[in-house]
Amino acid sequence: MTTPLTFDNIRRAPKALLHDHLDGGLRPSTVLELAEQYGYEDLPAHDADGLATFFRTAAHSGSLVRYLEPFAHTVGVMQNPDALHRVARECVEDLAADNVVYAEVRFAPELHIDGGLSLDAVVDAVLAGFADGEKAAAADGRAITVRCLVTAMRHAARSREIAELAIRFRDKGVVGFDIAGAEAGYPPSRHLDAFEYMRSNNARFTIHAGEAFGLPSIHEAIAFCGADRLGHGVRIVDDIEIDADGNAKLGRLASLLRDKRIPFEMCPSSNVQTGAVASIAEHPFDRLARLRFRVTVNTDNRLMSDTSMSMEMLRLVEAFGYGWSDLERFTINAMKSAFIAFDERLAIIDEVIKPRYAVLVG
């Protein structure tokens with residue numbers, strides 16, 4: 001008998017997460033405690049509920065630039081090793097509680113050196129937190145594998161340095177590289193040196209593209225930079241025409257991405273908040289899924305969007321009528337697209353995801 005598609009049952013399903021920002025997923029209570037512990041005095045609220053409301057309201061701005069402003073407060077309390085370790089450990093624990101079995105969590109080390117830490121010390125603290133979180137989750141009966149992506153800020157000039165950091169830590173838990181931040185005025189091609197360095201070292205990377213900016217951003221990310229995945233990529237719909245009969249005609253860029261099986265790290269709730277789409281119901285996720293693009297479900301920033309993987313899946317189920325087989329496909333899409341070794345990906349798919357979905361499907 002098929003299990004009903006309720007929120008509680010979706011929470012039971014195994015999940016794979018590719019696009020989650022460490023500084024966008026703190027517990028409100030942790031932000032408060034770290035601010036008090038380390039003397040951060042600029043918080044806009046001084047109780048957990050008020051702080052959660054602030055982050056959610058501020059992020060729901062209709063603009064990517066304004067959406068990013070509240071991160072000053074989370075980054076502000078993440079400037080020493082103990083804070084970074086705690087945030088990383090709690091991130092893993094929270095994901096495991098939502099039955100995420102594999103996650104790639106990203107963060108920008110350059111944003112965490114105001115307290116005097118080196119870039120290497122920042123990454124060391126985060127990776128140690130991830131490892132401790134994995135151990136705690138396993139002890140609780142919720143095994144999870146978490147790997148790290150290091151991100152360079154696209155408005156800064158440190159992308160090559162951060163790419164080198166990714167390579168230094170590639171055997172210690174860092175599996176890839178990314179650029180993030182406001183897209184307008186900061187095209188991916190500005191960071192070609194970093195991407196060429198990653199490619200020359202046989203390393204993987206994703207690029208935030210096609211979120212707040214259009215097709216040129218996606219084209220550069222793929223054609224010039226050689227991205228393995230796309231962060232968001234919602235504007236690819238601008239290269240897909242739908243005729244009066246509902247038939248889709250793909251442009252050359254959209255065709256290339258589908259043919260090459262380029263994964264889309266789609267973050268529905270976040271895209272509504274930033275104004276990339278008007279609503280979940282109008283999100284291009286479903287159109288792309290039906291056209292067999294490799295779409296994946298992601299959280300982006302769990303604190304700012306007041307969300308989880310289970311909540312993102314539920315919203316898609318409610319908007320588009322998906323069933324368990326659809327959620328399983330999106331999960332396997334993500335696992336196939338992870339930046340870990342093929343045999344590790346296959347083991348999680350065959351030994352964890354498929355058996356647990358078989359129980360839910362009945």
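Glycine is no exception: its Cβ is also placed from the backbone N, Cα and C atoms.
Sequence annotations record features per position, and here Swiss-Prot assigns Zn(2+) binding site to His19, His21, His208, Asp300. Residues or ranges marked as substrate binding site in Swiss-Prot: His21, Asp23, Gly181. Per Swiss-Prot, active site, proton donor is recorded for Glu211. Under the heading site 'Important for catalytic activity', Swiss-Prot lists His232.
Across the residues the record lists as binding substrate (His21, Asp23, Gly181), the two Cα atoms farthest apart are 13 Å from each other. If you check the binding-site residues His19, His21, Asp23, Asp300 against the residue listed as 'active site, proton donor', none has a Cα inside 10 Å of its Cα. Reduced to three states, the DSSP call for Asp23 (substrate binding site) is helix. His208 (Zn(2+) binding site) is 6 Å away from His232 (site 'Important for catalytic activity') when you measure Cα to Cα. In three-state terms derived from DSSP, Gly181 (substrate binding site) belongs to neither a helical nor a strand segment and is classed as coil.
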